[in-house]
Amino acid sequence: MKRKLDHGPDVRPFSSGKKHCKGSNYLSPSSLVPFQTTPTTFGDLRAANGHSAQRRRVTSGPPPSGLQDWLHTFQAWSGSERLLALDDLIDSCESNQVKHMMQVIEPQFQRDFISLLPKELALYVLTFLEPRDLMQAAQTCSYWRILAEDNLLWREKCREEGIEESLVVKRRKTLKPGFLHSPWKSAYVQQHRIESNWRTGDITSPKVLKGHDDHVITCLQFCGDLIVSGSDDNTLKVWSALTSKCLRTLVGHTGGVWSSQMSGNIVISGSTDRTLKVWDAENGECLHTLYGHTSTVRCIHLHDKQVVSGSRDATLRLWDVDSGECLHVLTGHVAAVRCVQYDGRRVVSGGYDFMVKVWDPETETCLHTLQGHTNRVYSLQFDGAYVVSGSLDTSIRVWDVVTGGCVHTLTGHQSLTSGMELKNNILVSGNADSTVRVWDIRTGQCLHTLQGPHKHQSAVTCLQFSRTLVVSSSDDGTVKLWSLATGEWIRDLVALQSGGSGGVVWRIRASNTRLVAAVGSRNGTEETKLMVLDFDLTDNQK
C-alpha cells in the first residue's frame, strides 16, 4: 500500500498565522518536509504525515498467542498475496471490527488540500464553486473563511451574475484583527435578496404621488432618488422617491411635453411648442431653451453632453446641452421622425415615411437608408453594431449598421411594436397585440412569448428587463413580472381596480430596487398619479 508523498525540492513554506481546519489527524502545513524515500508501510505513512507511529491501540486484553508469528508470515508474502489475505480477513471480520479498521485508516488519507495549497491556487480552486457552496465552505474553519471572503473572488462571482460595481457601496469592515468583510460579497448577497423581493416578497402599499390633475403623463424618467414626469399639461414635475413629495414643477413650455431624457440632475424635454428645454432638476431652473424645430419635438435621445431631437418637421437636430447650441441639422426624412437613438458616433432615426436612416452627424450625411418596412416606424434600439426597428407593419427588423443590410426580419407580433429594449444580443419587444416577446437578434429566433392565462388583456405600453426579469405594463391597468429565462409569468406587481374599465398604466421605469408606474385614465375612472414600489427592505427599514 504505497502513497507517494515526495513534494520535491520546491516545497513552498506556508506563511505563519494560518489556522488550519480542525479535525482528527489533519495534516499541519508545518509538518511538510521533503522526503528522500517513499513510505512503504502504514506506519511509515503515519510518520510521513507527521504522526507518531505508536498510535493509540486497543486495550481490551493481552495480544493473542502466535500474533508475532502471524505478522511475520504476512510480511513474508508478496504484495498480491497480502491483498488476497486481507480480502479474506475482511470477510471474516464482524462489523464492529471493520468499523475499527476504518477509524484507524481513514484519517490518514484525509487531507485539507485547500489549506495545503498556496493561497493563489486555493482561490483558483474556489472560483469553481457556486456562491452558495462558497458560503458553506466559509463555515468550515477560520482559514477557509478568510479564503471564502476574498474580495476579488466575489468580484468575479458578481461579474458572472452581471452585478455592477455601483452596487458596492459599503466600506470594508474589519470583523476582527486580520479579517476583512468583502464588499463584493455584500453586493452579491444584497442583489440576491433584492431579486427575491421582486419575485416573492410582500408587496406593501405603494407610495402614491399625485399630480398633473387629470392629464396624461406622457413621459417618465427615474435617476437615483429623483423621478421626473412630463405631461400634456405643459409641465414636468420633479418628485422624491424617498419622501413621495413633489419637489418642484418645471414650468415654461407652452405646449404639451411629449418627450424627455435625464442624466443626473439634468433634464431635457421636448414639446408640442416646437422647443426643447434643458432644466436643472435640483433647483427647477430652465438653463436653455433650444429653438429651431418647426413642429412638435416628438423624440429625443441624450448621450453624454449632446442630445439629438426628432420632430414632426421631418428633421433631426444635434444640440450641445451645456451651451444650448444647435450643432448639426440632419435632413432626409420625408415625414415625421418618430424615434431616434444616438451612441455618440452615429444617429439612427425612424419615421412615418417607413424609413430607418443611419447618420454621421458630424458631416450631416445619411450613411444608409434602411428600406423594408411597409408602414410607420415607431420604435428603435441601437447598440453600435445593430439597429433594431419596430413598425406598424407588425414586423421587427434587425439591420447591420455598417453595411445597411437587413440581417433578420422578426415576425410573430400581430400589431404595432410600441416599445423595445436591447441588451447584448437579447431583445424584448412589447406590442399592441397584448404580448411581450423575447428574441435573440444574432439568430433571429423568438426565445419566448410572454402570454398564457396571466397575459396582458390589452396593448403593452412599456417594458424594461434585467438579466433575469422582465417588467411590462399595459392598457389593462396591470404591471406584470416575468422570468426572462423561461418566459413564465411570476406575478402582478400592480393591478388597478379600474383596469378593464378605463384605468391604464402609461409608463414604467425601474431601477434595481424600485418600480415607478405612471397610471391614470382618459374617462375619469382612475386618478393621474405615480405609484412607487420599493423592493429593498433595508431602505424601507431606515
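Backbone N, Cα and C define each Cβ position, glycine as well.
TrEMBL annotations:
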- 111-157: domain 'F-box' (DOMAIN)
- 224-249: repeat 'WD' (REPEAT)
- 250-289: repeat 'WD' (REPEAT)
- 290-329: repeat 'WD' (REPEAT)
- 330-369: repeat 'WD' (REPEAT)
- 370-409: repeat 'WD' (REPEAT)
- 410-449: repeat 'WD' (REPEAT)
- 453-492: repeat 'WD' (REPEAT)
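Per-class residue totals from DSSP over the domain 'F-box' (111-157), listed helix then strand then coil: 33 helix, 0 strand, 14 coil. Away from its own ends, the repeat 'WD' (330-369) comes close to residues 295, 298-304, 306-318, 375-384, 387, 389, 391, 393, 397, 399, 401, 403-404 of its chain (Cβ-Cβ under 8 Å, at least six residues beyond either end). Listed by sequence, the residues of this chain that lie at least six past the ends of the repeat 'WD' (453-492) yet keep a Cβ under 8 A from its Cβ atoms are 161-162, 195, 198-199, 415, 418-421, 423, 426, 428-436, 438, 447, 498-500, 503-510, 512, 515, 517, 519, 526. Computed over the domain 'F-box' (111-157), the whole-number mean pLDDT of the model equals 84. When Cβ-Cβ distances below 8 Å are used as the criterion, the repeat 'WD' (370-409) is approached by residues 338-343, 345-346, 348-352, 354-358, 415-422, 424, 427, 429, 439, 441, 443-444 of the same chain, each at least six residues removed from its ends. With a threshold of 8 Å between CB atoms, the same-chain residues lying at least 6 positions outside the repeat 'WD' (290-329) that come near it are 255, 258-263, 266, 268, 270-272, 274-278, 335-344, 347, 349, 351, 353, 359, 361-362, 364.
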